[in-house]
Amino acid sequence: MAEITNIRPSFDVSPVAAGLIGASVLVVCVSVTVFVWTCCHQQAEKKHKTPPYKFIHMLKGISIYPETLSNKKKIIKVRRDKDGPRRESGRGNLLINAESGLLSHDKDPRGPSPASCMDQLPIKRDYGEELRSPMTSLTPGESKATSPSSPEEDVMLGSLTFSVDYNFPKKALVVTIQEAHGLPVMDDQTQGSDPYIKMTILPDKRHRVKTRVLRKTLDPVFDETFTFYGIPYSQLQDLVLHFLVLSFDRFSRDDVIGEVMVPLAGVDPSTGKVQLTRDIIKRNIQKCISRGELQVSLSYQPVAQRMTVVVLKARHLPKMDITGLSGNPYVKVNVYYGRKRIAKKKTHVKKCTLNPVFNESFIYDIPTDLLPDISIEFLVIDFDRTTKNEVVGRLILGAHSVTTSGAEHWREVCESPRKPIAKWHSLSEY
């Protein structure tokens, strides 16, 4: 009798591997279930309450919400009453929907006042600065030029003690900055100063040194000696020691306390060390009749309603301090509607030159009807890494131009659309 054999299917997967696969499938299923449940739970919560993630970023007073981050901000003119009687201000009506960035028509037949128009501009708070007119910005009591009896001249800035010596074998000038007394308070919180001194030998300006910073004192004792080699004794009479006294500021640019100028023509260190004490005086910013010239080009595209401003170059800019260490100019361009600033841009800094070439262009969206009320201000500024920047001069083109050349340039731009018009303009005092 034949033998019957039962053939059963065999599997190569071991029990351990099968267990791992099963566990993995179980973990995936549980994860998917938890994810779906979480999404459904969040959707249900959003329908019943305000989302908790709404936030506000403060960028100089502007609130930006998530739902409006993608909106564009444009300066757009709704209408200008040409046929009707003009308001006393003589300015057009400017309305902008801050939520959508689109036009909103003025339903008031009289139109909003210029002030209300500017309040609706979706622009930064500091853009609301007023345009300072050279004729009206300063009253006689607010003149920038300090009169002899002004309080600024009466402020005592302290004194500086130092010594001058000459090393004949090494042909070296030796200057020791010893101490200062009676410095003014530069930090209201600590009622003190963090003084240090920068020293420069004029007029070549090749030798520049500075002391360490002494914290919270009005009577610093530096006692630091600096040796300048390669200075023949015969040239000492032509040199001037310039001491600039500053107060260190951790969070902003250092404050200038004052300066001391010492011509070596009246000092004879041939017989030994000469000790001197000089009063610290207010920093002497050079006043000059000419502020230099600036060349700019303007062109207006009426179809695109865009104004292209090109800052080309400047020439004959003055040195802004007596040391002649300045000469890092850049140009800041401000656009005003009426007297409210609505846009600002600036060029790059040009290092160590009084005749800079910029060749930088800026584009502004300006409706045609707004041109009579638009002014463009150019501020030529001298960049200073240590102290505050100083305005070299100013030029205004447009509605508030105070010069004949500025008014003529603006008129040509408005009457010759699509044509770039470049002109030189003399800078005025800011």
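From the backbone N, Cα and C atoms, a Cβ is placed for every residue, glycine too.
Checking the candidates S14, S133 against Swiss-Prot, the annotation phosphoserine falls on S133.
Other residues of the same chain near the Ca(2+) site, with their Cβ within 8 Å of the Cβ centroid of D249, S252, D255, are M186, S247, F248, F251, R253, D254. When other Cβ atoms within 10 Å of the Cβ of D249 (Ca(2+) binding site) are tallied across all protein chains shown, the result is 13. Sequence-distant contacts (6 or more apart, same chain, Cβ under 8 Å) of S252 (Ca(2+) binding site) do not exist in this structure.
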